[in-house]
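Chemist: I grabbed these lines from Swiss-Prot:
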- 80: active site (ACT_SITE)
- 173: active site, proton acceptor (ACT_SITE)
- 78, 140, 196: Zn(2+) 1 binding site (BINDING)
- 140, 174, 379: Zn(2+) 2 binding site (BINDING)
């Protein structure tokens, strides 16, 4: 399908891992390389109003080819890959006509197994693109990037009726910064879709409310032999804090619409310890209750400490559940569902146990649910995507454009 696989393999060959804790946006030079490549390809494709901002947001417009009062719509993907696993020297494997069983990843002992990933049972006969076991693949979200670029080529090359189509490619989605610098007014779409989901048929308009919790613990270190009544062990205080967090409300014990507390990192000495939690919940009231719970725990554990020893807690909201914004515009979901059905796909409405750029954009005035890409097992060496799933995503993007043109 018009260079879809070729595009994808080219994009994943570029190391675009984002980096947390960096003030600049994009956080890595590799993202600029892909953004500049995409800008060049958009120019060659004949799109107009192409801009690449100093914060790494690439925007372009495919002009309407029919007259009428047709709303401008957008499609958005991010160019960065997760900092959770290496994205350098990605070497994809192409497994044609998958016949079941384990897939060897490279020459080591790593395998992609249907025992661990039962979804493979549903993909018999398809073409799978996997890693070699040493890196992530980057289907999150270079599959989405390739699908949008291919859909533009299909729309333009086949003279399919459509209104004005806006596209954008953003940096640093994986570290939560890309959408913060997105100029919604300049983009000019009435609504948009991120192409950043998973398996075929997924249509997502609900995501977590999210916050980060950073805890600084200052203790007092003296020689252990003379420590009685004097030492305040910051590590012990950290352990007490975590012991107060509900053990059955962690990522590994929750699913569906259940929220959680997640201790993402902890480091320290007797003198000083630092803890980093993330809090997630779909329900806004429960989300606020979780934040209060963390404050209460810190206050309880810190009670009675020497004045020079203390526990400092900082909570920062990251993003909110876009449901409350998207449901105000039900036609956006209706069009996407109809497009899927027209492509012989059963829409699967499911909550995102995470976030997307669309969550932030929805609260910035651009309602933005999430479409599937055909990818699975993101952020690790078992990541893979199906070529058939990617082709279906292209078909859905094209069909959404067609259906929107009929809405006038």
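Backbone N, Cα and C atoms are what each Cβ position is placed from, and that goes for glycine too.
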Chemist: Which residue among the binding-site residues 78, 379 has the fewest other Cβ atoms within 10 Å of its Cβ, if you could check?
Modeler: 379
Chemist: The residue listed as 'active site, proton acceptor' has how many other Cβ neighbours within 10 Å of its own Cβ?
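Modeler: So the Cβ neighbour count for the residue listed as 'active site, proton acceptor' comes to 26.
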Chemist: In sequence order, what residues of the same chain, 6+ apart, have a Cβ less than 8 Å from the Cβ of residue 80 (active site)?
Modeler: 16, 17, 18, 26, 27, 28, 31, 171, 172, 173, 174, 175, 178
Chemist: Apart from 78, 140, 196, which residues in this chain have a Cβ no more than 8 Å from the mean position of the Cβ atoms of those residues at the Zn(2+) 1 site?
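Modeler: After dropping the recorded site residues, what remains is 77, 141, 144, 173, 174, 194, 195, 356, 357, 373.
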Chemist: Return the member of 78, 140, 196 nearest to residue 379 (Zn(2+) 2 binding site) in space, with distance defined Cα to Cα and candidates limited to these binding-site residues.
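Modeler: That would be 140, nearest by Cα distance.
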Chemist: Return the residues near residue 196 (Zn(2+) 1 binding site), defined as same-chain residues 6+ apart in sequence whose C-beta is under 8 angstroms from its C-beta, sorted by sequence, else 'none'.
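Modeler: The list for residue 196 (Zn(2+) 1 binding site) reads 76, 77, 78, 140, 141, 144, 173, 356, 357, 358, 370, 371, 373, given in order along the sequence.
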Chemist: From the centroid of the CB atoms of 140, 174, 379, the recorded Zn(2+) 2 site, which same-chain residues not already listed sit within 8 A by their CB, in sequence order?
Modeler: 81, 82, 84, 136, 141, 378
